[in-house]
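These features come from TrEMBL:
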{"type": "BINDING", "residues": "ASP20, GLU21, ASP112", "note": "divalent metal cation binding site"}
{"type": "DOMAIN", "residues": "14-231", "note": "domain 'RNase H type-2'"}
Amino acid sequence: MRKTELLSFMNGSLIEAGCDEAGRGPIAGPVFAAAVILPQDFRHPLLDDSKKMTASARETLEPVIQKEAVAFSAMSVNADEIDRINILNASIAAMQAAVMHLSPVPEYLLVDGNRFRTFSHIASIIGHDTSDSALSYIAGMKDRIREFDRIPFSCIVKGDGKYASIAAASVLAKTARDRYMREIAKDYPEYGWERNMGYPTPEHIEAVRKYGLTPHHRRSFHIKELEPALF
């Protein structure tokens, strides 16, 4: 149980969406992000920053959030595109694609962390030659990009531990990504993704050393343990 109650809104007079990502640090798999608009009276004793919650608690909360939310969306950007546009831009793109799927369109965004970009900036980085569904969606919405650029936002460091909507987004992003990693782990059992979720654990690093990289690995990520020794 939380010691400090999460704040419901920054500006209760606006339709406010919380945004968060999951999977910036792994060396394999996509980055996921979610955007959630909660009703003003939403409360749940389990809701917290998803990283502080057990997998069981997250899985318990996921359907509750999905049922009670005014609107929610979760999107992902794959490893190839992470390598192409970098993990920061990919994380922001996943969040923006999730926001663009919301109905009603939010009037204010609460973004976990300290970095965000305009929708038009991300669209210009993406280009049009992409097979990733989230990036393709943004590229296909070019006629509405300026509309989304006008949505004000606040970046909040550790916002998933401060605002309910960001915490809810963190839960949806984390559960969606974990589910995806467990699924692709069936095709690559040697890497233990159902346990490490693509993070560079000793087990995962040893598997890369032994079996090499898969199409799901982020080749732009530096793995210190796999670098040749200098001395």
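A Cβ is built for glycine as well, from the same backbone N, Cα and C atoms used for every other residue.
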Long-range same-chain neighbours of ASP112 (divalent metal cation binding site), Cβ under 8 Å, sequence gap at least 6?
GLY18, CYS19, ASP20, GLU21, CYS155, ILE156, LYS158, GLY159, ASP160, ILE166, ALA169, SER170
Sorted by sequence, non-ASP20, GLU21, ASP112 residues with Cβ within 8 Å of centre, divalent metal cation:
CYS19, ALA22, ALA33, ALA34, SER91, MET95, VAL111, GLY113, GLY159, ASP160, ILE166, ALA169, SER170, ALA173
Taken over the domain 'RNase H type-2' (14-231), the predicted model's pLDDT averages 94
Excluding its own, the Cβ atoms lying within 10 Å of the Cβ of ASP20 (divalent metal cation binding site) add up to 31
